[in-house]
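Asker: According to Swiss-Prot, the record shows the following:
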type	residues	note
BINDING	His173, His175, Asp186	Zn(2+) binding site
DOMAIN	102-224	domain 'MPN'
REGION	1-20	region 'Disordered'
MOTIF	173-186	motif 'JAMM motif'
Amino acid sequence: MSLKNLPSESMPREKLLQRGPQSLSDAELLAIFLRTGTQGMNVIELADFLLRDFGSLRKLFSADEQSFCRHKGLGQAKYVQLQAVLEMTQRYLAETLQRGDALTSPQHTKLYLSSMLRDRHREAFYVLFLDNQNRVIKDEVMFEGTIDAASVYPREVVKRALHYNAAALILAHNHPSGVAEPSQADRRITRRLSDALGLVDIRVLDHFVVGDGEVVSFAERGWI
């Protein structure tokens, strides 16, 4: 059963228009994306089944093509559509950061870094290079693998920061375990980078650690 054939009181599109998207459940939002159900399940029932099967909306959205398309009611076209939506979301967050002050929109910064890092299966060390107005000049993954003192090279970070004529940096990396709590090694790396960058008058404004559903800020902890 499609959305248009649902009883009016059960139609998530109408609910969204009347009450706003925040009033919808995860299943209702997913139903709008799916548009139609399958034999034996209307679209709301299908959405609810998929959320239970994957475990969460985030796990559904981060599924690879094979895992996504093995479900009845989903296919390559839906997978492509979903990837386009996710990419547009990342670009929106990136544009918001690039046009504004990264420090005055910390929630956008967290959302953007989370979207870039949380679903990686390997650790990745990410850097936002900022100008003297704290606007993002460039952002990129600098190191991948096990993020420790042996794999993060302060000299390379300094070199890259000078290349972009950056005045400040925001650092970030993910914990594939899902636990965002920073380790002692994370704190040591941050101090080494801050010291090295300080020699060329470049500040480290924050270091975010991205986990599963949580992002920890060193600045908020008073560690920077």
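Each residue, glycine too, has its Cβ placed from N, Cα and C.
I'd like these features described in context: how deep, what's nearby, how far apart.
Answerer: For the motif 'JAMM motif' (173-186), the number of residues in each DSSP class (helix H, G, I; strand E, B; coil) is 3 helix, 2 strand, 9 coil.
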Asker: How about long-range neighbours of the motif 'JAMM motif' (173-186): same chain, 6 or more residues beyond its ends, C-beta under 8 Å?
Answerer: 117-118, 120-126, 147-149, 207-216, 218, 221, 223
Asker: Do you know which of the binding-site residues His173, His175 has the most other C-beta atoms within 10 angstroms of its C-beta?
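Answerer: In terms of Cβ crowding, the pick is His173.
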Asker: Summarise the domain 'MPN' (102-224) by DSSP state, stating how many residues are helix, strand and coil.
Answerer: 41 helix, 34 strand, 48 coil
